[in-house]
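What TrEMBL annotates here:
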- 4-70: domain 'Arginine repressor DNA-binding' (DOMAIN)
- 84-143: domain 'Arginine repressor C-terminal' (DOMAIN)
Amino acid sequence: MRKTKKERQLAIRELITQKNIQRQEDLVIELNRVGWEVTQATISRDITEMQLVKVPLEAGGFAYAVVAQTDALVRIKKIIQEPTTTIRTQDNFVMITVLPGTGPALKLALEEADFDELFGMLGDDSDVLIILKKNIQATEFVTQQLQ
């Protein structure tokens, strides 16, 4: 019987809540150990789709975690408040650099927040570039909306 994506993502959710999974490769190994035949590419897509983020561990390092399906603003602030996050502004541009793997979750939360000031966004694994509408100053947007 073939296992579905939904079942695989449920297995991922269970694993990351039970163990400190720090790398995608560790997740592949753990899933293979419990009977899943997965690749790193598949896991990478699942991590993005599931909006998993890396959170600091008490012993140091970071591990994947499930962000609760809460208000988009709460998710944005949780990511932005991480000590590794940097925010740079210039004119109507905001560049947010986050922990690798967290960029897609931040971009999605920003889209869900549906800020009127946004013209558009570009994002990758660890960066989100926010382009604000013409007359919106980036420093004001960050102060009023993101902090």
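Yeah, the Cβs are placed from backbone N, Cα and C, and that goes for glycine too.
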DSSP helix, strand and coil counts for the domain 'Arginine repressor DNA-binding' (4-70)?
35 helix, 8 strand, 24 coil
Residue counts (helix, strand, coil, in that order) that DSSP gives for the domain 'Arginine repressor C-terminal' (84-143):
17 helix, 22 strand, 21 coil
